[in-house]
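Colleague: Here's a structure for you.
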Amino acid sequence: MNLKGKRITVHDMTLRDGMHPKRHQMTLDQMRAVATGLDAAGVPLIEVTHGDGLGGSSVNYGFPAHTDAEYLGAVIPLLKRAKVSALLLPGIGTVDHLKEAHALGVHTIRVATHCTEADVSEQHIAMARKLDMDTVGFLMMSHMNSPEGLVKQAKLMESYGANCIYITDSAGYMLPDDVKARLGAVRDALQPQTELGFHGHHNLAMGVANSIAAIEAGANRIDGAAAGLGAGAGNTPLEVFVAVCERMGIETGVDVWKIQDVAEDLVVPMMDFPIRLDRDALTLGYAGVYGSFLLFAKRAGDKYGIPARDILVELGRRGMVGGQEDMIEDTALTLAKARAAQAKREAA
């Protein structure tokens, strides 16, 4: 595998996916410090929103410390080189949220749907293109669709106007061969000028390996987070990925030492708990469960006396996807009732 001289765009998730383990409670000062550090390190694209995207503030997804507008307004004026992106999930974020983000100076909008539901993105992608934004179609939980199925969904998003398509391993479930099969098929099907991206999670410790596999399959945009701060066991750790790229001769434009300093000096100290591959995060990857379900499952487990791991396995068995957070407590309650009934039978 010789990728020497290949140039890619690194996209940082610390201030968006990292909102999940922070329970959306990042301060404006934390946002400013990390964003300016990333900018100084040469990261060209930084995502800033509620963990569930524009408009995510709700009972279902969690109330943030500040509004999206406050976060974006705090960060964008400080950046010298980097551009800011925002995530938008149709059904959570609206066209009005999109217009507001554009007015605040957001450069890139990533319209995210489940990997079989690209058709719900048409209105938002079309509006973003009308506003002349860098417009990304973001196919979540991509392990749940075949390469052929992803091709159909990617081509829909491309037809709506997306100039980049992302294959997203939201559960950290995929292995390098899975990544190559899916991204290779999509790359072959898209127009040559349409870019291809990959978003990985580290729930099987495959974030870096999968990202390299994605580049090999034709991806030129890769997501990561400083110190891996993100849902589950975190995103692909950006400082590690940049170092591997440096070793391989892949050109990121990111300073290998400065990105380490951002991770170690700014991001690690603001973690509420270590982002690591514990048994629950590992279960996300093994069972193919949406990464941001982790803290919801832990809370439900504490409430009903059911191990979070058992809840996550059941969510995977049921094929739950992003947007069904309200079903996690229902699943925990169902398991608790079933176990209580079984214990009663055994005692009889």
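Quick reminder: no glycine exception, Cβ is built from N, Cα and C everywhere.
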Colleague: Check Swiss-Prot for me: it has His199, His201 binding Mn(2+), so pick out which one of Asp12, Asp17 it puts in that same site.
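Modeller: When Swiss-Prot describes the Mn(2+) site, the candidate it includes is Asp17.
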Colleague: Looking at Swiss-Prot, Arg16, Asp17, His199, Tyr290 are annotated for substrate. Which of Ser170, Ser211 sits in that same site?
Modeller: Ser170
Colleague: The domain 'Pyruvate carboxyltransferase' (8-260): mean pLDDT?
Modeller: 97
Colleague: Around Ser170 (substrate binding site), how many other CB atoms lie within 10 A of its CB?
Modeller: 32
Colleague: If you take the centroid of the Cβ atoms of Asp17, His199, His201, the listed Mn(2+) site, which other residues of that chain have their Cβ within 8 Å of it?
Modeller: Met13, Thr168, Asp169, Ser170, Gly172, Gly200, Asp223, Ala225, Gly230, Ala231, Asn235, Thr236, Gly291
Colleague: Judged by the number of other CB atoms within 10 angstroms, which among Arg16, His20 is the least packed of the recorded positions?
Modeller: His20
